[in-house]
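Visitor: Pasting the relevant annotations from Swiss-Prot:
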- 4-24: transmembrane segment (TRANSMEM)
- 35-55: transmembrane segment (TRANSMEM)
- 71-91: transmembrane segment (TRANSMEM)
- GLY75, THR78: Na(+) binding site (BINDING)
- 101-121: transmembrane segment (TRANSMEM)
Amino acid sequence: MFQLLCAVFIGGGTGSVLRWWLGMKLNPVHHAIPIGTLTANLVGAFVIGAGLAWFNRLTDIDPMWKLLITTGFCGGLTTFSTFSAEVVFLLQQGRVSWALLNVMVNLLGSFAMTAVAFWLFSQAASR
């Protein structure tokens, strides 16, 4: 049990640090859309899709790796709370169109990245 806890802890810490770094580097790039948060959410969606596809096919992998990557890393990297706060901030500034675009791109982009990665890695794992 302690090993599993450590796997989630290490993955979560790594994902959180990467999310912070992406925000620091990429959020200033655009005046209205927080590109760092979007990147973190899209990358996390892709990684979890790929991970789930691999873990579905390769059942002999230690469950610790699934926890480290999906629950830990992706859980630390992706962020619904920051995304929500950024949308509220845009709404408070009267930037309704930007807020709606941000919601649409984050949600649809995350769904698409998860589906594409799952499909790609399912195909690769079946070969």
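From the backbone N, Cα and C atoms, a Cβ is placed for every residue, glycine too.
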Visitor: May I ask for the residues of the chain that lie six or more residues beyond the transmembrane segment (71-91) and have a Cβ under 8 Å from a Cβ within it?
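Guide: 7-19, 23, 32, 34, 37, 40-41, 43-45, 47-48, 51, 98-99, 102-103, 106, 110.
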Visitor: Short question: which residues 6 or more past the ends of the transmembrane segment (101-121) have a Cβ under 8 Å from it?
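Guide: Same-chain contacts beyond the ends: 32-34, 37-38, 41-54, 78, 83, 86-87, 90.
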Visitor: Does DSSP put GLY75 (Na(+) binding site) in a helix, in a strand, or in coil?
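Guide: Reduced to three states, the DSSP call for GLY75 (Na(+) binding site) is helix.
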Visitor: Going along the chain, which residues six or more apart from THR78 (Na(+) binding site) have their CB under 8 A from its CB?
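Guide: Looking at Cβ-Cβ distances below 8 Å from THR78 (Na(+) binding site), excluding near sequence neighbours, one finds GLY15, ARG19, ALA40, ASN41, GLY44, ALA45, ILE48, SER110.
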Visitor: When you measure from the Cβ of GLY75 (Na(+) binding site), which residues in the chain that are at least 6 apart have a Cβ under 8 Å away?
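Guide: Residues satisfying the criterion: VAL8, GLY11, GLY12, GLY15.
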